[in-house]
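The Zn(2+) binding site feature in TrEMBL is assigned to 5, 8, 24, 28.
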């Protein structure tokens, strides 16, 4: 199966021979990791009241 690298958009074969999947390379994988570390990406979440945290 051919997928698009999330970082550079290059076509990448999705199989066990690619240790970086879904990325095309270690470089793209590390760029993505850096973006998460720099809080460029966020996972949507619901606001939780302090009372709900105690439960």
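Placed from the backbone N, Cα and C atoms, the Cβ positions cover glycine too.
Annotations in TrEMBL come from automatic prediction, not curation.
What you see is a predicted model, and the numbers here were worked out from it, not measured in a lab.
On the structure: features taken from TrEMBL.
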residue	record	Cβ neighbours (10 Å)
5	Zn(2+) binding site	18
8	Zn(2+) binding site	13
24	Zn(2+) binding site	21
28	Zn(2+) binding site	19
Same chain, not part of 5, 8, 24, 28: whose C-beta falls within 8 angstroms of the C-beta centre of the Zn(2+) site? Give them in sequence order. 6, 7, 9, 10, 12, 23, 25, 27
